[in-house]
Amino acid sequence: MSARLPVLSPPRWPRLLLLLLLLLGAAPGPRRSGAFYLPGLAPVNFCDEEKKSDECKAEIELFVNRLDSVESVLPYEYTAFDFCQASEGKRPSENLGQVLFGERIEPSPYKFTFNKEDTCKLVCTKTYHTEKAEDKQKLEFLKKSMLLNYQHHWIVDNMPVTWCYDVEDGQRFCNPGFPIGCYITDKGHAKDACVINSEFHERDTFYIFNHVDIKIYYHVVETGSMGARLVAAKLEPKSFKHTHVDKPDCSGPPMDISNKASGEIKIAYTYSVSFKEDDKIRWASRWDYILESMPHTHIQWFSIMNSLVIVLFLSGMVAMIMLRTLHKDIARYNQMDSTEDAQEEFGWKLVHGDIFRPPRKGMLLSVFLGSGTQILIMTFVTLFFACLGFLSPANRGALMTCAVVLWVLLGTPAGYVAARFYKSFGGEKWKTNVLLTSFLCPGIVFADFFIMNLILWGEGSSAAIPFGTLVAILALWFCISVPLTFIGAYFGFKKNAIEHPVRTNQIPRQIPEQSFYTKPLPGIVMGGILPFGCIFIQLFFILNSIWSHQMYYMFGFLFLVFIILVITCSEATILLCYFHLCAEDYHWQWRSFLTSGFTAVYFLIYAIHYFFSKLQITGTASTILYFGYTMIMVLIFFLFTGTIGFFACFWFVTKIYSVVKVD
């Protein structure tokens with residue numbers, strides 16, 4: 001299909017590498033520990049109608065999720081379209097993460113009985129009169145969504161119903177969604193899924209997939225008495241203009257809707273279902289076949305190797321500075337006893353009386369550090385849980401829920417860090433500091449998020465957060481996060497200011513003329529390149545999962561990259577900090593924050609490149625939404641990387657000046 005990204009073949013790795021993959025959390029399915037299942041749901045047993053009991057169900061329910069497209073950022077609920085609706089059925093409750101991501105799971109009219117096969121069963125018939133304004137509007141919405149390649153997402157037993165088809169190089173790609181239909185342009189060009197059938201050839205015509213062949217795979221539980229467990233659900237979308245709409249036989253030409261069509265149009269929705277036993281797939285690894293067909297691990301290993309080379313290079317540089325240069329410097333400085341020698345001081349020791357001079361805009365820096373600490377701890381804990389398998393794709397919305405809850409609960413370290421550093425910078429407006437820590441960065445994110453939500457509301461998208469959820473998020477922020485920030489700030493201000501190893505002179509030292517390389521801007525711009533080099537391949541997969549609706553499950557790799565990013569940011573900042581101190585420039589606080597924080601600017605440039613080169617997004621609303629959400633990610637990433645850089649530099653500066661004898 002033309003709109004797909006190229007699918008890469010899974011490599012045949014040695015067993016040792018596969019074992020390492022499992023340890024890294026790249027195995028996505030629920031993990032079993034005795035009779036305890038991680039994550040999400042315990043298995044459900046199914047059996048024939050006559051054998052059903054409390055432990056064994058016969059009816060298989062099919063749920064429908066929101067419909068989305070790679071050509072639009074706006075997802076829509078199933079009920080927004082004129083498809084067959086469920087007459088009754090309990091709607092599953094969504095968690096916070098699912099609501100924030102716009103997932104809307106609803107019951108469907110498709111109901112099956114285990115091991116009972118149906119052929120060409122009618123679900124419902126939809127009739128449209130092109131003269132009626134309401135019918136015409138429904139039909140136009142359907143056409144528009146086929147033009148933008150909107151995809152259904154169906155769920156059986158908490159598992160996506162997949163459409164598997166052959167792609168280049170004889171590979172098979174399993175898509176956890178299937179299109180509503182497709183379009184043949186007025187020049188006869190087949191768009192998207194229209195390439196699968198040679199009968200789709202009429203110009204300026206839409207073909208709707210009104211029939212699905214569903215095949216459900218199961219394996220019988222070893223004990224025998226417990227029934228069977230579903231291990232896969234696959235479908236093939238088809239299009240039929242049924243000869244007899246009231247008694248469909250799934251024959252005849254495809255169901256076409258011409259742009260020039262007038263009068264009455266009838267669309268009959270049908271399905272066929274069959275069952276097949278498959279003892280090779282275990283219930284715990286039933287997601288594997290979907291994930292194996294996705295762009296896979298050899299790119300990830302390349303990414304890790306590339307990042308490790310950068311880390312080794314930086315570690316070598318830092319080690320050389322620490323062991324050789326600094327060791328020599330410290331030994332030489334400490335041997336200078338005579339006043340004549342003292343007058344010949346040079347390098348970083350010269351600025352010892354100014355190194356801990358409070359920075360300009362110390363209030364803002366301390367607030368950024370507080371928010372950055374909050375994000376840093378949140379990211380670490382979330383990725384750690386994801387590695388253990390708690391937040392796999394089977395557990396929908398868990399990742400986002402975990403991140404939001406952690407962020408809310410981590411108000412205390414944010415308040416503490418902001419207050420502690422603000423006090424060490426000599427600040428006295430503690431009320432302003434704690435209020436800014438509580439409201440500045442979260443306020444910017446919420447304002448951006450709210451504007452995006454207004455656009456989604458206006459477009460009628462399912463991704464629009466309901467008013468009740470917005471109130472709940474505000475309640476979490478104001479009633480839990482803000483009080484916790486105040487508690488953290490209280491303890492931060494109560495403690496004595498951070499003791500520095502050297503005293504600060506009353507008169508600031510004049511900074512000599514700097515060369516081009518030691519000026520602030522070139523250093524800051526250079527500092528962000530290496531950390532970005534470590535993450536950009538992983539960034540491609542993350543952006544794919546957000547905007548191209550591909551599953552992201554390689555949290556083991558992501559956790560490794562996160563650790564590598566922390567090390568790289570720290571080492572790059574320490575290196576540049578040392579060079580600036582040797583050039584007698586003691587303004588290190590803001591520079592260290594901005595040096596590693598500049599990685600976020602490269603992230604923004606990459607996101608713009610990704611938008612124009614990889615996505616087929618059309619429409620003003622979708623473009624605004626893409627860049628609106630990207631700005632939230634960039635701000636969070638800026639605070640996160642900047643904080644790492646500052647802490648690394650603070651530790652380095654404290655360490656080197658504590659071992660030098662100063663008069």
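Heads up, the Cβ atoms here are built off N, Cα and C, so glycines get one too.
Automatic, uncurated: that is what TrEMBL annotation is.
Computed from a predicted structure; not experimentally measured.
Per TrEMBL, the features are as follows:
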| type | residues | note |
| --- | --- | --- |
| SIGNAL | 1-28 | signal peptide |
| TRANSMEM | 301-323 | transmembrane segment |
| TRANSMEM | 364-391 | transmembrane segment |
| TRANSMEM | 397-422 | transmembrane segment |
| TRANSMEM | 434-457 | transmembrane segment |
| TRANSMEM | 463-493 | transmembrane segment |
| TRANSMEM | 524-547 | transmembrane segment |
| TRANSMEM | 553-581 | transmembrane segment |
| TRANSMEM | 593-612 | transmembrane segment |
| TRANSMEM | 624-653 | transmembrane segment |
Pairs 6 or more apart in sequence, C-beta under 8 angstroms, 3 or more of them: is that satisfied by the transmembrane segment (593-612) and the transmembrane segment (397-422)? no
Taking the transmembrane segment (553-581) as reference, the highest number of CB pairs under 8 angstroms among 301-323, 364-391, 397-422, 463-493, 524-547 goes to 301-323
Residue list, the transmembrane segment (301-323) vs rest of chain: Cβ under 8 Å, 6 or more residues beyond ends. 530, 533-535, 537-538, 557, 560-561, 564, 567-568, 571-572, 574-575, 578
